[in-house]
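These come from TrEMBL:
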type	residues	note
SIGNAL	1-15	signal peptide
REGION	1-618	region 'N-terminal catalytic PFK domain 1'
REGION	174-193	region 'Disordered'
COMPBIAS	180-190	compositional bias 'Polar residues'
DOMAIN	237-552	domain 'Phosphofructokinase'
BINDING	245, 308, 309, 338, 339, 340, 341	ATP binding site
BINDING	339	Mg(2+) binding site
BINDING	385, 386, 387, 422, 429, 430, 431, 492, 520, 526, 527, 528, 529	substrate binding site
ACT_SITE	387	active site, proton acceptor
DOMAIN	634-943	domain 'Phosphofructokinase'
REGION	634-1036	region 'C-terminal regulatory PFK domain 2'
BINDING	703, 778-782, 816, 823-825, 885, 911, 917-920, 1008	beta-D-fructose 2,6-bisphosphate binding site
């Protein structure tokens, strides 16, 4: 037997369980088994899609008789299994009340009842079910649907909304329905009962699309249900507060928590001014509606405020906080803040029962007021901190935006420093964590950086504790090479190896006295906390807010309070106090001078980033990092495809690392066509000064592509974007002419197909038998083998900044929708991520295309939103819709705008905005600079390893039979192993190297994109947050 669905219903008493058996027997379920002893709690029924059972169940004896009627208990043909569990811990033990049920059914008038259903069944026996429910004393209503279909709606004895229809809707995730108390239910007259037993006056004529964000695509069961229904006796009331230092992205988190809570049938509350508002109560605690968080995405800081509360640190203050929460019915708390804020939340949770007992004992609350809240307080933590100092998460909300502010300031300082040949000592925030200082140093190419976790000097064996001498030698070397700027970054918690604080003014005095540099000190201060959040922080806060609500709904007293984090590009939930304790261990390790352990306690990326900074940014002294001469290479660096932010940063890091190690970095200008024209020259240290902050491609790039060689096993890579094709023989000759022993290709999909072509031609041209690595650089993020490409984050930030301005224009004009076209080719990454980060109403991407049904649905949604604002006399909100440039050849951006304008019927207007090549230009974002540096360093490491392996083994694959092997056997590094033509990619938090031959299996060459798109699941979330599936009359 194969069951398509499993339902779980929890009953508080045996009488409720008996009533549930009777109810579900009326809608086609057949009793299979019940508990044989008093300690057992399970009863099983199966749905066979047959008319209702003929017997009536009122007592335990009736149950026994029903089981005798089905002695074989055959399960063949069953479609749904229903398990009724006796859970005496549930608070609601009230008997079924038909008047209350009719009252609740009457509340559904004008709404789509299926949206809030806990159980949805498909059957052709609606009339029989309705008659059986009426005869058994249960309230039910038949709703008419489009094309003559119907839906039967009823509440089961424990308060779950059950819908049975003769038409199948789109998949959806139902929201658990709250139980109803007969004592508080309004009395319903016989006349009212008759009114709602007949056909309702609802205008519902079709089934709305339903939230399917958590169901696999294509799931099509006969019954739709959440994993467990009746987990929550009442709707959860979720308080959200921001505490501690503010960080950009907190507002995006509040918006996400509020809207997902409403969507899931909960009631969100904003607690203003952090824990102080929780202690103060009154107007500091306010219910949040859908529109209350409008516009939050683009606002920095925290709209609901934050404060450091001395009162909350006392038990008396926490007692007041508990009182205010119970008075407002709040039984869950989502806290966005740092380790101190999350520790305070966990303390409140641990004291909760004692605080409730004290409030009852002192008469401040009655037992009935706090009975359902007394045993357990749900706490969920979101880490909002610019310092990125929390363990168990790779990144915290606000850290990347703070890095943006720092890099903007440092980029500006560089121009004035160059004018006067000055040195600047810049202090940044971070306390005990040097993440901001280190990432800023990598992003702007600082000459020196001071970190709390890694006190100077770098070479303790040579300099002992005299870090001043080491720093001055490094800066002096740069000055001799022609650098006009000296930039030193100090984390505010920087120390030397004796734990003595390193003061910016002291560093200034050292530079002035020992090097004679005109030095200035700049403390960036709170400018690092301000400004609109960057694209990444909006994305991070949004998806973590979704997970926070889900964590609330699955919380039990036995589950430790979770902290929502991000690890390997996946949302995670870690025990909150475990993360706090590991975070505090870093400060402890520093205090004990165990600096190695302090570095190890940071995430692995921190240590690798520090190593990358030392090797690729600081000039080695006296050949200290150079490798043996027989291992040194001539490494060609080439750009191909469209320009992308971060190309120059990658080239700079690779070239300087090569110079430090003794390799010869060769800059190949203007792509493969420049290579065959011999536009090849060594790159010097001073040549790449300031390249990390330059957009575009300093080497020059184009879409010229190697011509596939006839007779090789190269797949069809006909490239509609190629501007020209270069003969492989000419490329091979150029490589030999310039003695290029390894190739690092920085580019997008053209780089991938180029290496596929060269790798296939190795059996013809031995010059291609060298290590080749692709560093993905494209705004489209369409290169297989990596989650992100450098350049995509810069493009996203450009899109979000433009969208914010467009939204302001649309809102000022009111009643206006902008259709915004973004780049990406046949990949929808920019449209989806940009749409989520900017609050787009919907997104059209090539992966899904555009259909007339989609346009009708979206036009109807826009009309309903603007009409709702008209009726409620609210200010009309400007809206944007994102369309990827290749989403449809028929439905162009102009056509979409015209369709929406016409369908608006004067309710709203429509305009277009095509962002175009703005997305490819501009200063690279800090994330792109960091990724470029990290990937470039790893590329050189891989090239060295591949070269050494080939040199040692003299590998010649079986496919090399056509080659004159004797002629190449003694050439160092010669290798036609297909494992040595790879793509370097970010997978989670790791960097991986994948051969291009293997990646062909996950590549759609015709569409120029990979087939594994981790971001596709976010499409549904965009619609959820745009109110596609939310019914305010039902949830508010």
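Heads up, the Cβ atoms here are built off N, Cα and C, so glycines get one too.
Residue pair residue 340 (ATP binding site) / residue 385 (substrate binding site) shows a Cα separation of 11 Å. Within 10 Å of the Cα of residue 245 (ATP binding site), the following binding-site residues from the list 385, 527, 529, 780, 825, 920 place their own Cα: 385, 529.
Comparing the Cα of residue 387 (substrate binding site) with the Cα of every entry in 308, 816, 825, 920, these being the binding-site residues, the smallest distance points to 308. Ranking the binding-site residues 338, 339, 816, 917 by the distance of their Cα atoms from the Cα of residue 385 (substrate binding site) places 338 first. All chains included, 19 other C-beta atoms sit within 10 angstroms of the C-beta of residue 920 (beta-D-fructose 2,6-bisphosphate binding site). Around the Cβ of residue 308 (ATP binding site), the same chain contributes 243, 244, 274, 276, each under 8 angstroms and 6 or more positions distant in sequence.
Under 8 Å, Cβ to Cβ, and six or more positions away along its own chain, residue 816 (beta-D-fructose 2,6-bisphosphate binding site) finds 809, 810, 878, 879, 908, 909, 910, 911. Minimal Cβ crowding within 10 Å, among the binding-site residues 431, 520, 703, 917, is found at 917. Close to the recorded ATP site, the chain also has 243, 244, 274, 337, 344: residues not among 245, 308, 309, 338, 339, 340, 341 whose Cβ is within 8 Å of the site's Cβ mean position.
The binding-site residues 245, 338, 340 differ in how many other CB atoms lie within 10 Å of their CB, and the one with the most is 338.
Checking each of the binding-site residues 527, 780, 917 against residue 341 (ATP binding site) by C-alpha distance, the shortest gap belongs to 527.
Taking a C-beta cut-off of under 8 Å and a sequence gap of six or more, residue 309 (ATP binding site) has these contacts in its own chain: 274, 275, 276, 278, 279, 317.
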